[in-house]
Amino acid sequence: MIQPGLVLAVSFGYLLLLVAVAAHGDRRADQGRSLIDSSFVYALSWAVYCSAWTYFGSVGRAASGGVWFLPIYLGPMLAMLLAWLVLRKMVRIARSYRITSIADFIASRYGKSPLLAALVTLITVVGILPYIALQLKAVSAGYEALTGGLGQSDAAWWRDGTLYMALSLAGFAVVFGTRHLDLSERHEGMVAAIAFESAVKLAAFLAVGVFVTYGLFGGMGDIWARAQAQPDIAGLLRLGGQGFEGFQGAQWFALTLLSMLSVLMLPRQFQVMVVECVNERHILRASWLFPAYLLLINIFVLPIAIGGMLIFGDGGAGAESYVLTLPLSQGAEWLALLAYLGGLSAATGMIIVETVAVSTMVCNDLVMPALLSSGRFARTGGDLTRVLLNIRRAAILLVLLLGYLYFRIAGEAYALVSIGLISFAAVAQFAPALLGGMYWRGATRAGALGGLLGGSLVWAYTLMLPSLARSGWIGAGFLDGPFGLAFLAPQHLFGLTGFDELTHSLFWSLMVNIGLYVGLSLRGRVSAREASQALLFVEVFQRGQAQPVFWRGRARLEDLRRLAGRFLGAARAEALFRDHARETGTALDSLTADARLVDRVERQIAGAIGTASARVMVESAAQEESLSLGDVLEIIDEASQVRTYARELEEATVELRAANEKLKSLDQLKDDFMSSVTHELRTPLTSIRALTELMLDTPDIQPQEREEFLNIILSESERLSRLVNQVLDLAKIESGMAEWHNTDVDMKALIVAALRSTAELFRERGAEVLADLPEQVPMVLADPDRLTQVLVNLLSNAAKFVPEGRGRVEVALRHRGDELVVTVRDNGPGVAPEDQAAVFDKFRQGGEAGNRPPGTGLGLPISRQIVVNLGGRMWLDSQPGQGACFAFSLPLRSKGGSDDG
Amino acid sequence: MRRRDGPSAQVLLALCGAGFLLFNFPLLLIWDQPLTVLGLPLLPVALFVIWVGLIAALAWVSASRGGRGGKEPEKHEERDG
């Protein structure tokens, strides 16, 4: 036994530590170095899923049902497999439209309906009470187990320690959840504290597990070996049936499905997963870290349960406190205290987040609409942020007291796990409306209302009321059917037996829920606002930044300012308008209250008071035109047109930029060309002029010398005219002005002729020419003179580059597919890879600048232009040192299909 | 931002379907045998092993998210016109 004073002191010290962690988290957030901006912390905060139910209840469940404690954790595993798809969409939607609670999410989707928001909030409050009661029960039972105190249920209510614990937890949640006047931002400090608590409870549970498994026993195998001696324990680890007979497959499935939905729908899960999400990319890693956490915290559940039963021999009656009593009975009091702190972490973490989430809903969706509809409140124009904060604080206190009430009424009759499952089944009712709303555009407000109402009524009738009846608050006869009507017996509706009460309730409630949701959605007509919200939700990923604004009307700037100031506080309202002015590029004083600004103000207010209330407020501050369905379609159309325009504009800009670049490089090319041409022209001109001057200055020049000079002048003039001709030629071909005399050409004959006319060149260089020509090739349609020009150019190039005296040139003609290919291969130095692309450029000659052979540098570009004009292509294959192979191909085509230019 | 920057939806859906089958009736009955693995009863061991497998698969799929979008080899037109 541990002294109560010590337990209380340690608990209090631990809570103070939590406050310190939270304060540190808030401080870091203010400095812009967020503590929770990490997928690891994000995943730890998700582990708020493991409440006292997990911590104490799992062992209890394992002691009575073996592996049946597991489905509650397998469901989240399955849900996490889809987290990247579903949860990310929820986060994106919530972020885009400043949604801060699950009630807000559902109400916003179905046309910002205040009625729907209120309904969801009511279901949540009623449904979550058993869960909060569970935490209170667990902590008070843990306290009793630790201090050896007897149950105090017979004491007067003001002496009940649980009540004071509930009150102190309420105070704690108030400190955590409503520290800021700033209502719509994330609670960074709270999340940091929750993540810290998750780490503590995992460590504590693992410590107890290791202590039991390896301290009290010789490992898991030892526990199991000893358990097999006792048949009632040995039978635990089977499913409890003979094959298909007897095994509650339906219940197993129901539990898996239930926990899969709950892990997304529970208010606290929505809070930590969606509202407190810093960066949606964290989901990627958190989605597998979180199931890993669940696995770790469950590994020692069975060993502790079986080990406890072996040691205490109580058949599992006190199993829900084995985590505490096992270390305590072995004298390990400090470990027991640590285990208690773990349990306290589990319970307080759940209570804090849950009450903060629920108080937001109660404030925004129950209290605010009531206040706003009372005229007096709407007329006073003061800053309301402090009022809002106080409403939330009161709501936290109220929810905890109601939870305490449920604990007093029904807490004793049920095990922890059964209480928790009642809450799970309640929040599972949100699944059709929430998930359906994210993917099905046709879902309507009427469907969501009907489904939620029907499902939750069936839930209350089949699960909640029986839990009260069990504990004697409703006549026990109720369980056999009200007014003696047996077919209405709440746990066997219409005589349906064979299910346990949870599966039975889940089946009926979800069936009614989905049935009404789908049925009413299919036959109902949607309003314009529902249609627009449906679009914004379902297509949240398609829209990006350019979202359509579904608002038309007139508003005055000062009205908007006043509105924002009331709910956001003066400073944030000012920042809001400043940001808008900056983004739209207008001065702060000349802002116009257009649809985009109204939408922005509405969203920001929605972060503080919920979308439905924000809608009401904006409606009252501006003169709105009500939209018809046609208007909505028109706005969507405009938005998509704007998007299309924007995209086209972007494409056009890119094209223009590319064209500009091209022009610039063409301009550069032209300059290069001009300077090359003038340079090439100047060389022969200079020598002609020099020789002419020389001859003029020396009248008594020797005839032999004169003849030599005149010959040089002649050949230089010829070179000049050749150059000029080639430049003209190229210009003509490039501009498409050249004349083409296309006829059927025998390529083989052309090659033979070209070889004959260049034979002298090769002979001079001492080169050998090999022609590899087939017997017969089809005719091609081409200009024979131009082709000869190409062939002679390639051959004379080859002659220039082959080594003196041992040159070797191979000319080949091939018929390949529907084209003729001519290749001219030499054994010269080849062309380096980096130069290959340039050889077809004008005035680019192969080889080093110093030792290149004479030529204009226009031969290859002209040849290529000719071939391209004839519909073929020309290319170069070359490896340095292994010669070059120039080749060109010409298409075979009939005379009719020619398109000579 | 397109969907491509994360694991593919099809793979995740397939994993979820597989998980649902493995964790449920009737495949669960396969493990309901009076056998032991390393001295431990088969059923819980099997459940935990499947669980670990799913976590590992999810972690792997999440980590190799760049596999589909980023590594597409760029084909160059080698042909000289």
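Note: Cβ is positioned from N, Cα and C throughout, glycine not excepted.
So that you can see what the record holds, here are the features copied from TrEMBL:
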TRANSMEM  A:6-23  transmembrane segment
TRANSMEM  A:35-56  transmembrane segment
TRANSMEM  A:68-87  transmembrane segment
TRANSMEM  A:115-136  transmembrane segment
TRANSMEM  A:156-178  transmembrane segment
TRANSMEM  A:190-217  transmembrane segment
TRANSMEM  A:249-267  transmembrane segment
TRANSMEM  A:288-312  transmembrane segment
TRANSMEM  A:334-367  transmembrane segment
TRANSMEM  A:387-407  transmembrane segment
TRANSMEM  A:413-435  transmembrane segment
TRANSMEM  A:447-469  transmembrane segment
COILED    A:642-669  coiled coil
DOMAIN    A:676-894  domain 'Histidine kinase'
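Only pairs six or more apart in sequence are counted, and the transmembrane segment (A:68-87) with the transmembrane segment (A:190-217) gives fewer than three Cβ pairs under 8 Å, not enough to call it a contact. Sequence-remote contacts of a segment are chain residues at least 6 beyond its ends whose Cβ falls under 8 Å from one of its Cβ atoms, and for the transmembrane segment (A:387-407) they are 125, 128-137, 162-163, 166-167, 169-170, 173-174, 177-178, 181, 183, 351, 355-356, 358-360, 362-363, 367-368, 567, 608-609. Touching of the transmembrane segment (A:190-217) and the transmembrane segment (A:334-367) is concluded from the presence of at least three CB pairs under 8 A, sequence neighbours closer than 6 excluded.
Within the chain carrying the transmembrane segment (A:334-367), a Cβ under 8 angstroms from the stretch's Cβ atoms is held by residues 2, 6-7, 10-11, 14-15, 18, 48, 50-52, 54-56, 100-104, 107, 114, 117-118, 120-122, 124-125, 128, 131-132, 135-136, 138-139, 142-143, 146, 169-170, 172-173, 176-178, 187, 190, 193-194, 197-198, 200-205, 207-208, 211, 266-268, 270-272, 275, 323-325, 327-328, 388, 391-393, 395-396, 398-400, 609-610, 612-613, all 6 or more beyond its ends. Same-chain neighbours of the transmembrane segment (A:35-56): 24-25, 28-29, 72, 76, 131, 134-135, 138-139, 141-142, 188, 191-192, 194-199, 201-202, 205, 263, 266, 268-269, 272-273, 276-279, 281-286, 289-290, 293-294, 297, 320-321, 323, 342-343, 346-347, 349-350, 353, 416-417, 419-420, counting only residues six or more beyond its ends whose CB sits under 8 Å from a CB of the stretch.
Listed as Cβ neighbours of the transmembrane segment (A:447-469) (distance under 8 Å, sequence separation of 6 or more from its ends, same chain) are residues 106, 109-110, 113, 115-116, 119-120, 123, 126-127, 130, 409-410, 413-414, 418-419, 422, 425-426, 429-430, 432-433, 437, 475-476, 478-479, 490-491, 493, 501-502, 504-505, 508-510, 512-522, 524. Proximity of distant same-chain residues to the transmembrane segment (A:288-312), defined by a Cβ-Cβ separation under 8 Å and at least 6 residues beyond the stretch ends, is recorded for 39-40, 43-44, 46-47, 49-50, 54, 58-60, 62-63, 66-67, 69-70, 73, 76-77, 80, 198, 201-202, 205-206, 208-210, 212-213, 216-217, 220, 223-224, 226-227, 230, 233, 236-237, 318-319, 322-323, 325-326, 329. Here the domain 'Histidine kinase' (A:676-894) returns a mean pLDDT of 81 for the predicted model.
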